[in-house]
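Noted in TrEMBL for the protein shown:
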type	residues	note
DISULFID	80-90	disulfide bond
DISULFID	183-193	disulfide bond
DOMAIN	12-111	domain 'SRCR'
DOMAIN	114-211	domain 'SRCR'
């Protein structure tokens, strides 16, 4: 007997996430569950997935965000228009024999009616909640929001914990939602904490920055590659090759750290140039066999952030 703690319907589910609206995407076909390649999914497809699960708009989409998993790769590709109510209503094309490259079994986070806007990362910005079909900022007239309530938001969005929570003031009043802060600290259903006042206006808001701000970097190898297999690369002894660490554009600057668990461990750092860094490794031998990972570091919002390892 197996138990799945996940957001799920009969045809689609998100597994190994921290909420029902996040996790590795799997689709059901012929009574079996299959993982989906990142390259086979677009915005229209993710909108339908999140809608079918009863979650909000699609947010973060990234390969291996929630692990590779054991499910086989789905040999079809969704071709949703974006207005379908379920994945089964979408057209699909067949790509028999298809395999996902390592690190590309797609993970998805839906907003679940909660989002942060105004910043490059979905894990920072002005807090908004969708209630009664309307997205509005959350007011903080009394300055009640703190790191504990902010962390509840971060955890809901699969963004770690809060590193800062600040009250903001707009230049003019606008419609906002009143949210019970004590309720937020006690429940995972943030939308259940919205008050009944539908026409309240205020200029205050809540800006949250979460710890898991940065996306996981990509790692690739070029030059000196002798062969490719499912778990990695073969290279010729005494050859030179280049490992590239990169990250999708969000914040300027930063640096990349290359780490290995080899007999002769490496721990190298280079500044990020155009959101990437190229590590040239010369005369590599048997002592350099092993796993290599990238970590991205950047200072923003008066804090130092590090990504998860590639």
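Even glycines carry a Cβ here, placed using N, Cα and C.
Just so you know, TrEMBL annotations never went through curation; they're auto-generated.
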With every protein chain in view, what's the tally of Cβ atoms within 10 Å of the Cβ of residue 90 (disulfide bond), excluding that atom itself?
18
Taking only the Cα atoms, work out how far residue 90 (disulfide bond) lies from residue 193 (disulfide bond), in Å, as a whole number.
35
Mind checking how the domain 'SRCR' (114-211) divides into helix, strand and coil residues in DSSP?
20 helix, 44 strand, 34 coil
Fewest-neighbour residue among disulfide-bonded residues, criterion Cβ within 10 Å, set 183, 193:
183
Would you mind reading off the Cα separation of residue 80 (disulfide bond) from residue 193 (disulfide bond), to the nearest angstrom?
34
Taken over the domain 'SRCR' (12-111), the model's mean pLDDT:
76
